[in-house]
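Under the heading domain 'Serine hydroxymethyltransferase-like', TrEMBL lists 25-128, 161-432. What TrEMBL records for Leu168, Gly172, His173, Leu174 is (6S)-5,6,7,8-tetrahydrofolate binding site. Feature annotation from TrEMBL assigns site 'Plays an important role in substrate specificity' to His279. Per TrEMBL, the feature N6-(pyridoxal phosphate)lysine maps to Lys280.
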Amino acid sequence: MTDVTPAFDATAASTAYRSALSVIAEVEPRVADAIGAELADQRASLKLIASENYASPAVLLTMGTWLSDKYAEGTVGHRFYAGCQNVDTVEGLAAEHARELFGAPHAYVQPHSGIDANLVAFWAVLAQRIESPALERAGVRHVNDLTDEDWATLRHALGDQRMLGMSLDAGGHLTHGFRPNISGKMFAQSSYGTDPETGLLDYDAVRARAREFRPLILMAGYSAYPRRVDFAKMREIADEVGATLVVDMAHFAGLVAGKVFTGDFDPVPHAHVVTSTSHKSLRGPRGGFVLCQPEYADAVDRGCPMVLGGPLPHVMAAKAVAFAEARRPQFAGYAQTVVDNAVALAEGLSRRGARLVTGGTENHLVLLDVSTFGLTGRQAESALLDAGIVTNRNAIPADPNGAWYTSGVRLGTPALTTRGFGAAEFDRTAELVVDVLSHTSPTATRDGSPSKAKYAVDGGVADKTRAAAAELVAAHPLYPGLDLA
Ligand code: DSN
């Protein structure tokens, strides 16, 4: 089997963490205890949250350093603070590794999160559009030279900027123009969904909506769509309507890095701007980054202070380490195993009678429709948690239970694949999930009306499953050999 778990020197890492925790405990022992407890919890849980993973000790240790103490606004070689030579080194390395890993002309590694990366991208698209040719007509050389009067005109113009993205219930993300996020205030938004029969993206419908809506930005990318997206087709649609294609690859960046998504399914050659997080399938530190075509580079590099706080040098250093790991041949094996495992999980669930949105998966996640078990997503998520299985509830297309209770549960394979799970373990996981859900029933509220949150699991099933889940994870230890005792 492919070696999917990053190798590390367990003796050295044990010494490092034991020492670090004892230094922390001298100041606030409760924090040291919580850090230790979190490792125990992570080790014990059957973690199926599609957006989570386990970074290597090298990535984690890189973040706990004095690089954190440096202000470094600006970009490599152009800082607003003195003494940034070491930050220049780590930011330069992270950007270089990102460019090489993804084959991108430009990389910006300062964003602190996916939301931040998207904001940088949106700003860059607006700036680029504003600068040419509107600014030329106004005789303004650069967006930074705008007068107050120019800004007033601009704000008026921005009121009409439009974004077309995937609807939330089809698997899109809040930052793609939805009201709870600033993108929903910056842009008039419209959505494209998926085919009601197949659950798959219908590119003709996207094209028709784009022709009608004429967006400035066509957003592609998802957090709960279990299929590949054809970015060549999305670019064709963007070009046809004069839109900029922004792809948010946060969820599947590891599959792009690991060359599982290539050709039309690799967003980097097709999109104008690509945004991402570094901590999901890519297995890096918690953070974001942006890749772009050269014409967006100048505006993207102005992310801080335009929309970002000062860069986090310790996290940029950890991104450099994670990207270096992802450039190793083993990472491609990991990425392929993530997908193979998702397929095994999907088949295991379907074979046992569960209904999956789109009928299966081509990426790292499976979206399970729990209404066939007579449950809401909230009830299913809680019952699974009682049984030691960590998932998150998620809306499904045209969800009658809305975004809070939902009718779905999202399951992902990146984290457990890092622990060394293969197809057999994911098939067993599918068995446990179906067993718990088929022994769970909704219960009524105190006044006797049906509840979307309350539930009961048949006697003994949660305990039995928790023991089975513990056995599965014990066979694939997290950070094997790392000993904090
Ligand atoms: N929170 C991430 C997820 O779980 O998909 C996306 O932002």
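Even glycines carry a Cβ here, placed using N, Cα and C.
Note that TrEMBL annotation is computational and uncurated.
When the binding-site residues Leu168, Gly172, His173 are compared by Cα distance to His279 (site 'Plays an important role in substrate specificity'), the shortest distance belongs to His173.
Within 8 Å of the centroid of the Cβ atoms of Leu168, Gly172, His173, Leu174, where the record puts (6S)-5,6,7,8-tetrahydrofolate, the same chain has further Cβ atoms from Gly165, Met166, Ser167, Gly171, Thr175, His176, Phe178, Tyr222, Ser223. The C-beta environment of Gly172 ((6S)-5,6,7,8-tetrahydrofolate binding site), restricted to residues of the same chain at least 6 apart in sequence and closer than 8 Å, consists of Gly165, Met166, Phe178, Ser191, Met219, Gly221, Tyr222, Ser223, Tyr225. Look at the recorded positions His173, His279, Lys280 and count other Cβ atoms within 10 Å of each Cβ; His173 has the fewest. When pLDDT is averaged over the domain 'Serine hydroxymethyltransferase-like' (161-432), the result is 97. A count of other CB atoms within 10 A of each Cβ picks out Leu168 as the most crowded of the binding-site residues Leu168, Leu174. For Lys280 (N6-(pyridoxal phosphate)lysine), the nearest of the binding-site residues by C-alpha distance turns out to be His173; the candidates were Leu168, His173, Leu174. Summarised by DSSP class, the composition of the domain 'Serine hydroxymethyltransferase-like' (25-128) is 63 helix, 9 strand, 32 coil.
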